[in-house]
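Down below is the structure, laid out as C-alpha coordinates.
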Amino acid sequence: MKVNVDMNSGFCFGVQFAIDRVEDEMKASGPLYSLGDIVHNAVEVERLEKLGLKTITIEEFKTLKNTRVFIRAHGEPPSTYKLALENNIELIDATCPVVMKLQQRIKEFYDRGYQVLIYGREGHPEVIGLCGQCNNEAIVLKHADLSDRGETEKIDFSRKTVLFSQTTKDTTGFYELKANLENVFREHHAAQNFDSAATESIVPDFQAKDTICRQVSNRDQKLAAFSKENECVIFVAGRKSSNGKVLFEVCKDANSNTHFIENQSELERAWFLRPDDSLVESVGVCGATSTPMWVMQQVAEHIRATFAAERFVQS
(Lines of atoms letter the chains of each structure in order from A and count residues from 1; the text may use other names and numbers.)
(Lines give C-alpha, C1' and ligand atoms only; values in the text may rest on other atoms or scores of the structure.)
Protein backbone atom coordinates (compact mmCIF):
# COMPACT_ATOMS: atom_id res chain seq x y z
CA MET A 1 0.00 0.00 0.00
CA LYS A 2 1.47 3.33 -1.09
CA VAL A 3 0.85 6.41 1.06
CA ASN A 4 1.03 9.77 -0.72
CA VAL A 5 1.07 13.22 0.89
CA ASP A 6 -0.38 16.10 -1.11
CA MET A 7 2.42 18.67 -1.20
CA ASN A 8 -0.05 21.36 -2.36
CA SER A 9 -1.91 21.09 0.96
CA GLY A 10 -0.91 22.85 4.15
CA PHE A 11 -0.78 26.42 5.41
CA CYS A 12 -1.78 29.24 3.09
CA PHE A 13 0.62 32.20 3.09
CA GLY A 14 -1.54 34.17 5.56
CA VAL A 15 -1.51 31.43 8.18
CA GLN A 16 2.17 30.65 7.58
CA PHE A 17 3.04 34.32 8.09
CA ALA A 18 1.10 34.38 11.37
CA ILE A 19 2.77 31.21 12.66
CA ASP A 20 6.25 32.46 11.75
CA ARG A 21 5.54 35.86 13.28
CA VAL A 22 4.28 34.52 16.58
CA GLU A 23 7.24 32.13 16.91
CA ASP A 24 9.68 34.99 16.23
CA GLU A 25 7.93 37.21 18.78
CA MET A 26 8.06 34.54 21.49
CA LYS A 27 11.72 33.79 20.81
CA ALA A 28 12.54 37.47 21.13
CA SER A 29 10.28 38.53 24.00
CA GLY A 30 8.89 35.44 25.72
CA PRO A 31 5.27 34.28 26.26
CA LEU A 32 2.52 36.04 24.36
CA TYR A 33 -1.27 36.30 24.40
CA SER A 34 -3.22 35.34 21.27
CA LEU A 35 -6.72 36.72 20.83
CA GLY A 36 -8.51 33.52 19.82
CA ASP A 37 -6.99 30.35 18.36
CA ILE A 38 -4.16 31.42 16.08
CA VAL A 39 -5.25 28.72 13.65
CA HIS A 40 -8.25 26.38 13.59
CA ASN A 41 -6.14 23.31 14.23
CA ALA A 42 -6.01 21.98 17.79
CA VAL A 43 -2.75 20.08 17.27
CA GLU A 44 -0.88 23.17 16.04
CA VAL A 45 -2.38 25.36 18.77
CA GLU A 46 -1.19 22.86 21.38
CA ARG A 47 2.34 22.93 19.91
CA LEU A 48 2.46 26.74 20.06
CA GLU A 49 1.04 26.86 23.58
CA LYS A 50 3.92 24.66 24.72
CA LEU A 51 6.24 27.36 23.34
CA GLY A 52 4.53 30.05 25.44
CA LEU A 53 1.45 31.17 23.51
CA LYS A 54 -1.62 31.75 25.70
CA THR A 55 -4.96 31.79 23.89
CA ILE A 56 -7.51 34.21 25.34
CA THR A 57 -11.14 35.11 24.59
CA ILE A 58 -12.41 38.58 23.79
CA GLU A 59 -13.82 38.80 27.33
CA GLU A 60 -10.38 38.06 28.79
CA PHE A 61 -8.85 40.58 26.39
CA LYS A 62 -11.11 43.29 27.82
CA THR A 63 -9.55 42.79 31.28
CA LEU A 64 -5.93 43.18 30.14
CA LYS A 65 -3.76 46.29 30.44
CA ASN A 66 -0.15 47.17 29.63
CA THR A 67 0.70 43.97 27.79
CA ARG A 68 1.19 42.49 24.30
CA VAL A 69 -1.47 40.61 22.32
CA PHE A 70 -1.19 38.80 19.01
CA ILE A 71 -3.82 39.33 16.29
CA ARG A 72 -4.22 36.24 14.10
CA ALA A 73 -4.69 36.07 10.32
CA HIS A 74 -8.51 36.22 10.60
CA GLY A 75 -8.35 39.90 11.55
CA GLU A 76 -10.33 41.88 14.11
CA PRO A 77 -13.06 44.55 14.14
CA PRO A 78 -12.18 48.22 14.84
CA SER A 79 -13.48 47.86 18.42
CA THR A 80 -10.52 45.60 19.26
CA TYR A 81 -8.00 48.24 18.21
CA LYS A 82 -9.90 50.95 20.10
CA LEU A 83 -9.87 48.87 23.28
CA ALA A 84 -6.16 48.13 22.89
CA LEU A 85 -5.43 51.85 22.63
CA GLU A 86 -7.47 52.61 25.74
CA ASN A 87 -5.73 49.89 27.80
CA ASN A 88 -2.17 50.43 26.57
CA ILE A 89 -2.05 47.04 24.83
CA GLU A 90 0.54 46.55 22.11
CA LEU A 91 -0.98 44.58 19.24
CA ILE A 92 1.24 42.35 17.13
CA ASP A 93 -0.95 42.35 14.05
CA ALA A 94 -0.72 39.39 11.66
CA THR A 95 -4.00 39.99 9.84
CA CYS A 96 -3.83 38.32 6.43
CA PRO A 97 -3.30 40.92 3.66
CA VAL A 98 -6.21 39.41 1.71
CA VAL A 99 -8.52 39.80 4.72
CA MET A 100 -7.24 43.32 5.42
CA LYS A 101 -8.00 44.41 1.86
CA LEU A 102 -11.49 42.91 2.14
CA GLN A 103 -12.09 44.82 5.39
CA GLN A 104 -11.15 48.05 3.63
CA ARG A 105 -13.46 47.35 0.67
CA ILE A 106 -16.41 46.61 2.94
CA LYS A 107 -15.88 49.89 4.81
CA GLU A 108 -15.63 51.82 1.54
CA PHE A 109 -18.94 50.47 0.23
CA TYR A 110 -20.66 50.92 3.59
CA ASP A 111 -19.50 54.54 3.75
CA ARG A 112 -21.01 55.04 0.28
CA GLY A 113 -24.41 53.95 1.57
CA TYR A 114 -24.48 50.35 0.37
CA GLN A 115 -26.28 47.54 2.17
CA VAL A 116 -23.57 44.94 2.81
CA LEU A 117 -24.17 41.20 2.41
CA ILE A 118 -21.51 38.64 3.34
CA TYR A 119 -21.49 35.02 2.20
CA GLY A 120 -20.05 33.33 5.26
CA ARG A 121 -20.65 31.81 8.65
CA GLU A 122 -22.10 33.92 11.44
CA GLY A 123 -19.70 34.01 14.38
CA HIS A 124 -16.62 33.00 12.38
CA PRO A 125 -13.64 35.14 13.53
CA GLU A 126 -13.06 36.58 10.05
CA VAL A 127 -16.75 37.42 9.65
CA ILE A 128 -16.81 39.18 13.03
CA GLY A 129 -13.94 41.36 11.83
CA LEU A 130 -15.67 42.04 8.51
CA CYS A 131 -18.97 42.98 10.15
CA GLY A 132 -17.10 45.38 12.40
CA GLN A 133 -16.13 47.44 9.35
CA CYS A 134 -19.78 48.40 8.79
CA ASN A 135 -20.98 48.98 12.34
CA ASN A 136 -22.13 45.34 12.55
CA GLU A 137 -24.92 46.10 10.07
CA ALA A 138 -23.85 43.52 7.48
CA ILE A 139 -26.25 40.67 6.72
CA VAL A 140 -24.47 37.31 6.83
CA LEU A 141 -25.80 34.66 4.44
CA LYS A 142 -24.82 31.04 4.99
CA HIS A 143 -27.27 29.40 2.60
CA ALA A 144 -26.55 29.97 -1.09
CA ASP A 145 -30.03 28.75 -2.05
CA LEU A 146 -31.64 31.48 0.10
CA SER A 147 -33.59 28.79 1.95
CA ASP A 148 -33.25 30.43 5.38
CA ARG A 149 -36.00 33.03 5.80
CA GLY A 150 -34.28 34.26 8.93
CA GLU A 151 -31.42 35.43 6.71
CA THR A 152 -33.33 36.72 3.69
CA GLU A 153 -36.01 38.67 5.57
CA LYS A 154 -33.29 41.05 6.77
CA ILE A 155 -32.46 42.13 3.20
CA ASP A 156 -33.93 45.38 1.90
CA PHE A 157 -34.30 44.72 -1.83
CA SER A 158 -34.99 48.38 -2.53
CA ARG A 159 -31.51 49.47 -1.44
CA LYS A 160 -28.30 49.49 -3.42
CA THR A 161 -26.49 46.39 -2.23
CA VAL A 162 -23.08 44.74 -2.45
CA LEU A 163 -22.26 41.08 -1.82
CA PHE A 164 -18.86 40.00 -0.51
CA SER A 165 -17.58 36.61 0.63
CA GLN A 166 -15.67 35.31 3.60
CA THR A 167 -12.27 34.52 2.07
CA THR A 168 -12.41 30.80 2.85
CA LYS A 169 -15.84 30.00 1.39
CA ASP A 170 -16.48 27.91 -1.72
CA THR A 171 -16.69 29.59 -5.14
CA THR A 172 -19.55 27.35 -6.29
CA GLY A 173 -21.72 28.46 -3.40
CA PHE A 174 -20.80 32.12 -3.89
CA TYR A 175 -21.83 32.18 -7.54
CA GLU A 176 -25.01 30.25 -6.77
CA LEU A 177 -25.86 32.87 -4.15
CA LYS A 178 -25.01 35.70 -6.56
CA ALA A 179 -27.36 34.30 -9.22
CA ASN A 180 -30.17 33.74 -6.72
CA LEU A 181 -29.88 37.25 -5.31
CA GLU A 182 -29.86 38.77 -8.79
CA ASN A 183 -33.11 36.95 -9.55
CA VAL A 184 -34.78 38.13 -6.36
CA PHE A 185 -33.66 41.74 -6.90
CA ARG A 186 -34.98 41.55 -10.47
CA GLU A 187 -38.33 40.10 -9.34
CA HIS A 188 -38.68 42.70 -6.61
CA HIS A 189 -38.02 45.50 -9.09
CA ALA A 190 -40.55 44.07 -11.57
CA ALA A 191 -43.21 43.88 -8.85
CA GLN A 192 -42.60 47.48 -7.81
CA ASN A 193 -42.52 48.93 -11.33
CA PHE A 194 -45.45 48.04 -13.58
CA ASP A 195 -44.80 50.91 -15.98
CA SER A 196 -42.80 49.49 -18.90
CA ALA A 197 -41.35 52.95 -19.46
CA ALA A 198 -39.68 52.91 -16.04
CA THR A 199 -36.11 54.08 -16.34
CA GLU A 200 -33.11 51.87 -15.63
CA SER A 201 -32.08 54.24 -12.83
CA ILE A 202 -34.94 52.87 -10.71
CA VAL A 203 -33.37 49.40 -10.66
CA PRO A 204 -31.61 48.83 -7.33
CA ASP A 205 -27.83 48.70 -7.68
CA PHE A 206 -26.69 45.14 -6.89
CA GLN A 207 -23.01 44.24 -7.11
CA ALA A 208 -21.23 40.99 -6.24
CA LYS A 209 -17.53 40.91 -5.40
CA ASP A 210 -15.77 37.54 -5.45
CA THR A 211 -13.45 38.00 -2.47
CA ILE A 212 -12.61 34.33 -1.94
CA CYS A 213 -8.87 33.86 -1.49
CA ARG A 214 -7.33 32.39 -4.64
CA GLN A 215 -5.01 30.24 -2.52
CA VAL A 216 -8.20 28.57 -1.31
CA SER A 217 -10.17 28.40 -4.55
CA ASN A 218 -7.17 27.28 -6.63
CA ARG A 219 -6.79 24.21 -4.43
CA ASP A 220 -10.15 22.79 -5.45
CA GLN A 221 -9.08 21.31 -8.79
CA LYS A 222 -5.74 20.10 -7.45
CA LEU A 223 -7.38 18.39 -4.48
CA ALA A 224 -10.03 16.81 -6.68
CA ALA A 225 -7.33 15.42 -8.98
CA PHE A 226 -5.28 14.18 -6.01
CA SER A 227 -8.35 12.46 -4.54
CA LYS A 228 -9.10 10.66 -7.80
CA GLU A 229 -5.51 9.40 -8.01
CA ASN A 230 -5.80 7.57 -4.67
CA GLU A 231 -8.06 4.69 -3.68
CA CYS A 232 -8.57 6.08 -0.19
CA VAL A 233 -8.21 9.69 0.99
CA ILE A 234 -7.49 10.87 4.52
CA PHE A 235 -8.34 14.55 4.93
CA VAL A 236 -6.67 16.16 7.95
CA ALA A 237 -8.07 19.38 9.44
CA GLY A 238 -9.33 21.01 12.61
CA ARG A 239 -13.02 20.58 13.38
CA LYS A 240 -13.43 24.37 13.59
CA SER A 241 -11.88 25.03 10.19
CA SER A 242 -14.36 26.52 7.70
CA ASN A 243 -11.86 25.99 4.92
CA GLY A 244 -11.45 22.40 6.07
CA LYS A 245 -15.18 21.76 5.69
CA VAL A 246 -15.15 23.21 2.17
CA LEU A 247 -12.09 21.31 0.95
CA PHE A 248 -13.22 18.06 2.55
CA GLU A 249 -16.37 18.21 0.43
CA VAL A 250 -14.22 18.76 -2.66
CA CYS A 251 -12.31 15.56 -1.86
CA LYS A 252 -15.47 13.65 -0.95
CA ASP A 253 -17.14 14.60 -4.23
CA ALA A 254 -14.11 13.35 -6.16
CA ASN A 255 -13.64 10.17 -4.09
CA SER A 256 -16.39 8.75 -1.89
CA ASN A 257 -13.78 6.83 0.13
CA THR A 258 -12.63 10.05 1.83
CA HIS A 259 -12.42 10.39 5.61
CA PHE A 260 -12.06 13.48 7.84
CA ILE A 261 -9.71 13.30 10.85
CA GLU A 262 -8.12 15.82 13.18
CA ASN A 263 -5.21 13.60 14.18
CA GLN A 264 -3.86 10.08 13.68
CA SER A 265 -5.71 8.63 16.68
CA GLU A 266 -8.96 8.83 14.69
CA LEU A 267 -7.79 6.53 11.88
CA GLU A 268 -9.81 3.33 11.41
CA ARG A 269 -8.56 0.05 9.98
CA ALA A 270 -11.69 -0.53 7.88
CA TRP A 271 -10.96 2.54 5.76
CA PHE A 272 -7.94 0.84 4.19
CA LEU A 273 -9.70 -2.41 3.29
CA ARG A 274 -11.59 -3.34 0.14
CA PRO A 275 -14.80 -5.42 0.32
CA ASP A 276 -12.68 -8.59 -0.10
CA ASP A 277 -10.52 -7.54 2.91
CA SER A 278 -7.46 -6.81 0.76
CA LEU A 279 -5.58 -3.57 1.29
CA VAL A 280 -6.28 -0.60 -0.93
CA GLU A 281 -3.46 0.11 -3.35
CA SER A 282 -2.95 3.77 -2.46
CA VAL A 283 -3.85 6.25 0.27
CA GLY A 284 -3.72 10.01 -0.19
CA VAL A 285 -3.19 12.31 2.80
CA CYS A 286 -4.18 15.95 2.34
CA GLY A 287 -5.56 18.84 4.37
CA ALA A 288 -6.85 22.39 4.74
CA THR A 289 -5.07 25.74 4.54
CA SER A 290 -4.97 25.60 8.36
CA THR A 291 -3.39 22.13 8.51
CA PRO A 292 0.38 22.02 9.19
CA MET A 293 2.42 19.89 6.81
CA TRP A 294 4.10 18.21 9.78
CA VAL A 295 0.72 16.87 10.96
CA MET A 296 -0.05 15.40 7.54
CA GLN A 297 3.42 13.82 7.40
CA GLN A 298 2.86 12.40 10.88
CA VAL A 299 -0.46 10.88 9.79
CA ALA A 300 1.16 9.39 6.68
CA GLU A 301 3.96 7.82 8.71
CA HIS A 302 1.44 6.35 11.13
CA ILE A 303 -0.52 4.80 8.26
CA ARG A 304 2.66 3.30 6.80
CA ALA A 305 3.78 1.91 10.14
CA THR A 306 0.43 0.66 11.41
CA PHE A 307 -1.79 -0.18 8.47
CA ALA A 308 0.51 -0.83 5.51
CA ALA A 309 2.79 -3.28 7.30
CA GLU A 310 2.88 -6.98 6.37
CA ARG A 311 1.66 -7.97 9.83
CA PHE A 312 -1.52 -5.98 9.25
CA VAL A 313 -2.25 -7.76 5.97
CA GLN A 314 -1.90 -11.14 7.68
CA SER A 315 -3.93 -10.27 10.79
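Here the Cβ of each residue, glycine as well, is placed from N, Cα and C on the backbone.
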To which of His124, His189, His259 does Swiss-Prot also attribute binding of dimethylallyl diphosphate at the site defined by His40, His74, Ser241, Ser242, Asn243, Ser290? His124
[4Fe-4S] cluster site partner of Cys12, Cys96 (as recorded in Swiss-Prot), chosen from Cys134, Cys213, Cys232: Cys213
When you measure from the Cβ of Ser242 ((2E)-4-hydroxy-3-methylbut-2-enyl diphosphate binding site), how many other Cβ atoms are you left with inside 10 Å? 25
Quick note, His74 ((2E)-4-hydroxy-3-methylbut-2-enyl diphosphate binding site): same-chain residues at least 6 apart with CB under 8 Å of its CB -> Gly36, Thr95, Cys96, Val99, His124, Pro125, Glu126, Gly129
Sorry to bug you, but what's the C-alpha spacing from Cys12 ([4Fe-4S] cluster binding site) to Ser241 ((2E)-4-hydroxy-3-methylbut-2-enyl diphosphate binding site), rounded to the closest Å? 13
If I take the alpha carbons of Cys12 ([4Fe-4S] cluster binding site) and Ser242 ((2E)-4-hydroxy-3-methylbut-2-enyl diphosphate binding site), what is the distance between them in whole Å? 14
Closest by Cα to Cys213 ([4Fe-4S] cluster binding site), out of the binding-site residues His40, Thr167, Asn243, is Thr167
